[in-house]
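Chemist: One structure is given below, represented as structure tokens, and several questions about it will come after.
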Amino acid sequence: MPSPVSNITVPWVPLADFDWSFARSGPLPWNQTVWSIIAVFTALPVWMTVELTVWIFYTFKRYSGLYFWSVLACTWGTTIHAIGFVLKFCVPQCNWIFSTVLAEIGWVGMVTGFSVVLYSRLRIVIGTSLPDRVIKLILAMIITDAFLFHVPTIVFQFGVSNSGTHEKFLPYMAPMERVQVMAFSIQEIIISGVYIYSSYAQRHETLHNGMGKTVMLLLWVQVIVILCDVVVIVLDYCEYFTLKAVLHSFVYAFKLQLEFVILNDLKARAEKPNFGLAPLEISHIHGGLGDREPNRLEFAPKSGVQNLWSSTFPPTPSSEPTSTETIPG
């Protein structure tokens with residue numbers, strides 16, 4: 001009985017002659033260095049997704065709200081994106097439509113998902129000091145950019161992924177790729193800039209040493225996020241699309257790990273009754289995208305290892321007021 005598995009031979013290409021741009025189509029040529037890079041930077045975000053998922057369900061007390069779902073969507077978007085591209089580049093037998101659908105779903109989830117993570121955390125980090133119009137403008141920017149840059153990029157990506165229409169869509173895909181990666185990076189830099197500006201102002205308004213350390217941590221995290229965006233932009237503008245596509249998932253998984261650095265710091269702040277910041281309640285984020293009620297991020301209470309698993313279930317409704325950790329001003 002013949003084996004259902006057939007051998008597929010791909011040509012070997014030296015690293016110096018490897019084409020990383022959109023001009024290359026079909027299975028990825030063989031080069032041990034290139035395939036090793038793909039293997040490493042596909043495995044890393046997959047493992048980081050598992051780790052981040054454990055952190056998410058361990059950290060959050062209630063599994064609902066914009067912040068929770070955006071973090072979860074972005075986390076799994078990184079893995080879906082990575083798997084989609086490894087199927088597209090390294091598995092010639094895989095249907096190109098299936099691999100492209102996976103890659104694009106993951107891309108939307110991790111890119112716009114991360115912007116929503118930053119947006120939903122704005123009120124937690126900065127408190128009520130941010131004007132209404134700024135929150136609304138940031139939300140409008142995220143929604144507008146999603147329609148302006150996701151939709152045409154996905155259409156062109158399907159076009160260049162199909163061997164029959166590759167040449168037709170190639171002139172449009174390369175500039176669109178540069179525009180969208182710059183647009184989404186600028187979007188994240190703008191939101192990060194709001195953090196940096198507001199946090200810097202808060203640092204000078206308080207003499208609390210712990211608050212100064214918290215603000216400096218936030219500043220350094222946002223600087224690292226911006227540097228990650230710069231790496232992605234440089235790769236795209238140098239036409240290293242294949243390398244950028246492989247690294248993209250890892251970059252966003254790394255950004256999410258930095259997000260949990262901030263989350264852990266917020267949790268520590270919530271457990272200190274006098275921290276010298278504007279009133280800020282730490283419980284779970286409730287409300288819709290346009291909700292101006294104080295956002296709440298609910299963590300499991302600290303009591304050694306006091307059964308954090310019990311906090312994974314929402315408390316039953318009660319007429320008694322719910323206790324929340326509050327950071328008084």
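Just so you know, glycine gets a Cβ as well, placed from its N, Cα and C.
Computed from a predicted structure; not experimentally measured.
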Chemist: Look up transmembrane segment in TrEMBL and report which of 134-159, 238-263 it refers to.
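Modeler: When 134-159, 238-263 are checked in TrEMBL, transmembrane segment belongs to 134-159.
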Chemist: For the domain 'DUF7703' (37-268), provide the mean pLDDT of the predicted model.
Modeler: 87
